[in-house]
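Database features (Swiss-Prot):
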- 163, 183, 243: Zn(2+) 1 binding site (BINDING)
- 183, 216: Zn(2+) 2 binding site (BINDING)
- 371-464: domain 'Fibronectin type-III' (DOMAIN)
- 140: N-linked glycosylation site (CARBOHYD)
- 231: N-linked glycosylation site (CARBOHYD)
- 272: N-linked glycosylation site (CARBOHYD)
- 330: N-linked glycosylation site (CARBOHYD)
- 378: N-linked glycosylation site (CARBOHYD)
- 384: N-linked glycosylation site (CARBOHYD)
- 421: N-linked glycosylation site (CARBOHYD)
- 426: N-linked glycosylation site (CARBOHYD)
- 1-20: signal peptide (SIGNAL)
């Protein structure tokens, strides 16, 4: 599991400013009238945003997600004893090599049902000792990659997956048991189950289902795959990482079976100083591509409950609570308490619900047009107009665009303005304008599928430029 200390939870904090007594800094002007608080919240422009309802194909996909299949995959992966990155790659029944062979065969079974749309490959490299204390001898690191080609926009990729390597208390113990049931057979099981189901469908954009290796040594497999895509100029629009999605119970026994955490990077790690300055100038530090992807997921997938250094947008799903007596622990009993990442800790119903959230996300992303590009808002006009412009995305045809907005205290988009198929818009509201709310612009495609929103960056020119 990747430490959450390097990531930010995809949510905003509500700040409430309160004083025990009124503050009147200008006593000489005490007769001056001030705006009534009844004017807040702001009047609505457009309409209230509603969560996306699954279409018939997505409903069918969700109905096919099998708890039994997910459980079977997790138990099988745990049965290899250890899947440590440094463990045997030749033993037919124990170690990461045996797990890789089995996973490859299972992904290939899915591909065989796809009528040629899905292919299965390995993304492999040799990692040498030197700059990583958890690599003590040269080792082959292989990610299993199942690629389902898009039917209309195959050059736009969306990727999801978990890591199939595991570890125990000692990060370089590659011989001792490390069943890795929750961390992260639970994530790999989701990736494999969705590959099995999606192979029978034709998403418009390409979807990649993966099982990464080398995660416990520092996200090595995921980083190499992302760099491979970058070197090949692949348009990887989003990466959805599944790292521990199988247990809702905390160490103190608290359960939270109907929530899942979503970690989203703030200001992109690869963003240059000039872009960051522009972002901060308009208060956009909470509207990075990853966080707007998180808002998209909240909109399209929340109903299912009832990779950064390469410059790609990525988020990570993880269960609501963690129990550190199970995670990265030797399989042992101490003082009558069982330790270790064992299958007995799994909540398979929870794992299945998590799979439905991911399925909703991937299907909705792959069937929507790409997000608009070069999205801007004119910040030079000192008036109540908010002038926007953007460019149409490549790939799938766009039926129209929407402006989303939310008050600055809101974590999620609350309202939407339907614009039609235009590439600029003047919002003339005296209250809903660039000084009062956060805006985003998104594409709308056939069937009402929508892209994640894009934060408009500042530009300056005469009106209607």
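Placement of Cβ uses the backbone N, Cα and C atoms for every residue, glycine included.
Mapped onto this structure are the features recorded in Swiss-Prot.
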residue: 140; record: N-linked glycosylation site; Cβ contacts under 8 Å, 6 or more apart: 89, 124, 125, 126
residue: 163; record: Zn(2+) 1 binding site; Cβ contacts under 8 Å, 6 or more apart: 184, 187, 188, 211, 212, 213, 214, 215, 216, 221, 222, 243
residue: 231; record: N-linked glycosylation site; Cβ contacts under 8 Å, 6 or more apart: none
residue: 272; record: N-linked glycosylation site; Cβ contacts under 8 Å, 6 or more apart: none
residue: 330; record: N-linked glycosylation site; Cβ contacts under 8 Å, 6 or more apart: 168, 169, 170, 176, 177, 339, 340
residue: 384; record: N-linked glycosylation site; Cβ contacts under 8 Å, 6 or more apart: 428, 429, 430, 431, 433
residue: 421; record: N-linked glycosylation site; Cβ contacts under 8 Å, 6 or more apart: 398, 399, 400, 401
Request  = Out of 183, 216, 243, give me whichever of these binding-site residues has the highest number of other Cβ atoms within 10 Å.
outcome  = 183
Task = Measure the Cβ-based neighbour count of residue 378 (N-linked glycosylation site), defined as the other Cβ atoms within 10 Å of its Cβ.
result = 22
Ask   = What count of other C-beta atoms do you get within 10 angstroms of the C-beta of residue 426 (N-linked glycosylation site), across all chains shown?
value = 13
Ask   = DSSP says what for the domain 'Fibronectin type-III' (371-464): how many helix, strand, coil residues?
value = 3 helix, 43 strand, 48 coil
Ask   = How long is the line from the C-alpha of residue 426 (N-linked glycosylation site) to the C-alpha of residue 378 (N-linked glycosylation site), rounded to the nearest angstrom?
value = 10
Request  = Taking only the Cα atoms, work out how far residue 378 (N-linked glycosylation site) lies from residue 183 (Zn(2+) 1 binding site), in Å, as a whole number.
outcome  = 47
Task = Would you mind giving the whole-number mean pLDDT across the domain 'Fibronectin type-III' (371-464)?
result = 89
